[in-house]
Amino acid sequence: MGDSRETFGPKAFVTGFPIKHSRSPLIHGYWLKTLGLPGSYRAHEVAPEAFADFIASLKDGSSGFAGGNVTIPHKELAFRLADRPDALSQELGASNTLWLEDDLLHATNTDGRGFTANLDERHPGWDRHDTAVIFGAGGASRAIIQAVRDRGFKTIHVVNRTVGRARELADRFGPKVHAHPAGALAEVMKGAGLFINTTSLGMDGEAAPQLDFTPLTADAVVTDIVYVPLKTPLLAQAQEQGFPIVDGLGMLLHQAVPGFEKWFGKRPVVDAALRALIIADMEAH
């Protein structure tokens, strides 16, 4: 029998396709329990062809949800179907957090805030530099480019195997963003103070190319948005070469904070116990 607190209070969700491996219910469940709040948060799988109907049920109240998180492959459609997407969502063309307010469906994207909050927690002062290198130009890189630019970085080099994808991002995010092919990586790393891997290289223990991080500034920070494994091959290489590293788990944890506050009315804290809980779950699967 479930906790009686789940029967009352706001109900929130995470939806995607597939969604069964999401750790978001663990994160929000931890906060509901530690804060002693009524409410529930659960995974709710929705196929792409059913997503518009799901959003309609959210808007008219028949779903019973106060809002929720949206992940792959629904972020772009969530943005388009929301009544009030904010400026972050509008620039990205994607939303990952939805909530009902004044009978309207509002939307934002918290990925960038999760990324910067993770660096603020794990390596304060990371933003004193003005040049960043972003390795990869997939969907995940959009929010990170936006967040790094908005934190004051003057030059952002996006390096991608297919340079056309990187050019699309440069066109979207303005003159501070520069597109480069993979062969230019060593050159654009010179003098950069932040290196961000947004590719899947090294995910789930896959092999990753050997990278020389020494062209970076001596105090540059190297971070990876991949968090399985926690220390990716790229992070291990950077650490071996003497650079401070920040893993990607904190981005997952911190991006969840704004939504929880919207649905349940209290701002939660990313603490060591939550991080340990998620790491234990990762190790168990």
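Placed from the backbone N, Cα and C atoms, the Cβ positions cover glycine too.
Here Swiss-Prot has SER22, ARG23, SER24, ASN96, ASP111, TYR227 binding shikimate, and the candidate from THR71, THR155, THR198, THR199 in that same listed site is THR71. Of the residues GLY114, GLY183, GLY248, Swiss-Prot places GLY248 in the same NADP(+) site as GLY136, ALA137, GLY138, GLY139, ALA140, ASN160, ARG161, THR162, VAL163, GLY164, ARG165, ILE225. Taking the binding-site residues THR71, ASP111, ALA140, TYR227, GLY248 in turn, the residue surrounded by the fewest other Cβ atoms inside 10 Å of its Cβ turns out to be THR71. Across the structure, GLY136 (NADP(+) binding site) and LYS75 (active site, proton acceptor) place their CA atoms 19 angstrom apart. Under a cutoff of 8 A between CB atoms, and with a sequence separation of 6+ in the same chain, the neighbours of SER22 (shikimate binding site) are VAL14, GLY16, ALA43, THR71.
According to its DSSP assignment, ARG161 (NADP(+) binding site) is coil.
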